[in-house]
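Since the structure comes first, as structure tokens, the remarks are kept for the end.
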Amino acid sequence: MEIIKITTSGMSHLFMTIFLHHFSSVMVLPAITDVTMSAICPGEDECSLAIYLTGFQQAIIGLGTLVTMPLMGNLSDKYGRKALLTVPVTLTVIPLAILAYSRTKSFFYAYYTLKTLTAMVCEGSLHCLALAYVADNVPEERRATVFGILSGIGSCAFVCGNISTRFLSTSSTFQVATTVAIAAAIYMRIFLPESMRDGDLYTPILSEGKLEINDSSECCSTKKVNSSGQNSIKKVQLFEGLPSVEDTVSLLKTSTTFSQAAIVAFFSNLADLGLHASAMYYLKAKFHFNKDQFADLMVISGIAGTVSQLVMMPILVPALGESRLLSIGLFFNCVHVPYAAAVFSILFVFSQPCMRTIVSKQVGSCDQGKAQGCISGICSFASVVSPLVFSPLTALFLSDRAPFNFPGFSIMCIGFAAMIAFIQSIMIRVAPAISNLRVGNNNSVLA
């Protein structure tokens with residue numbers, strides 16, 4: 001009964017942390033395009049420099065997260081989820097505070113630089129660590145539903161953040177976002193319990209003693225020893241066992257299902273990030289969208305996603321299974337991209353929580369952080385490739401130098417990438433769940 005109470009409390013505090021963090025992050029999304037254009041190309045609706053700067057930023061962030069995502073996931077397996085969650089929740093505050101103070105050209109470039117640096121750690125890592133936290137506390141048969149609820153909380157924050165932006169000035173938007181981001185960090189540190197107790201960790205970050213690793217097949221077996229090192233079998237160094245290429249290959253080899261899910265993750269994120277980078281500048285150039293109209297569009301998408309993940313997904317997962325629901329979500333993502341139909345969010349949002357659930361079931365309880373970090377790293381690689389491909393296409397076909405008149409050509413190409421993810425998802429055959437296996441560093445899976 002006590003364990004159930006702790007788990008329930010932990011989930012509720014995790015959901016509140018996710019809500020506050022996402023609320024502060026999405027508040028600035030409708031305004032950032034106008035801020036960027038005003039700082040770089042004041043008075044213009046089409047600016048190739050702004051598109052290239054945004055694409056360059058996304059590529060650099062993707063390169064950084066390609067390293068930090070697996071690192072954060074693996075460190076959370078060693079040191080606990082809460083300790084690692086503190087990092088992205090805290091760093092998010094810094095760039096928001098800069099634009100809360102001023103949005104002139106010099107302050108914009110300061111924001112641009114710090115946002116690029118902090119996002120290498122923050123971009124997606126909170127979601128990755130939250131998924132691992134859920135996997136620690138929720139049985140396998142309920143994970144898809146809870147993953148869906150977690151995504152639904154994010155969608156709910158997305159809606160609330162964009163509605164708030166709709167009725168705030170640009171300066172007030174960044175000030176409120178900064179305040180909420182600070183509140184999220186304080187709330188998490190005070191209320192969120194650690195999902196892995198010290199006895200279950202490889203190496204607590206703050207500990208007077210060292211740890212002993214039991215080399216038996218029992219998963220995550222550790223115990224403390226005194227500072228003199230007596231009875232110590234193996235001392236663990238701070239950065240021992242950080243993820244390498246061999247670790248990633250080992251994870252991808254654990255099952256065909258895992259590798260197929262990795263391919264789906266790459267192409268679906270390639271499409272999603274490409275659409276995010278291209279659509280806002282396309283709408284700004286062709287339809288003269290402003291902050292309020294961007295917010296309206298995002299609210300429609302967010303409401304549809306919230307209803308889908310909090311109401312429809314808990315009903316559909318037991319009936320259809322994660323694999324079929326993944327394919328349904330990716331199919332409507334293909335339809336959503338070229339037609340930019342925000343209402344299709346009610347169906348295409350299924351894809352991410354279903355994919356993460358499939359991945360979660362392919363590894364043991366000790367490797368949840370590593371597995372989610374691996375998939376997040378692959379998504380980060382897609383975030384490197386996407387702006388390098390789609391930003392030049394968007395800038396070219398929105399300019400007077402386009403080889404032919406097709407302003408939405410880049411969006412059509414994004415739709416093809418989404419279609420590849422959909423076709424690959426149809427081929428996934430979910431393997432039986434693994435409950436007590438641990439992926440080793442020697443490209444093997446130990447029972």
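Placed from the backbone N, Cα and C atoms, the Cβ positions cover glycine too.
Just so you know, TrEMBL annotations are computer predictions that nobody has curated.
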Subject >> Correct range for transmembrane segment (source TrEMBL, candidates 146-168, 261-283) >> reply: 146-168
Subject >> Arithmetic mean of per-residue pLDDT over the domain 'Major facilitator superfamily (MFS) profile' (1-196) >> reply: 86
Original post:
Is the count of Cβ pairs under 8 Å between the transmembrane segment (371-398) and the transmembrane segment (294-316), pairs 6 or more apart in sequence, 3 or more?
Top reply: no
Original post:
Do at least three CB pairs under 8 A connect the transmembrane segment (174-192) and the transmembrane segment (12-29), leaving out pairs fewer than 6 apart in sequence?
Top reply: yes
**OP:** Rank 49-71, 146-168, 174-192, 294-316 by Cβ pairs under 8 Å to the transmembrane segment (108-134) and hand me the top one.
**Re:** 49-71
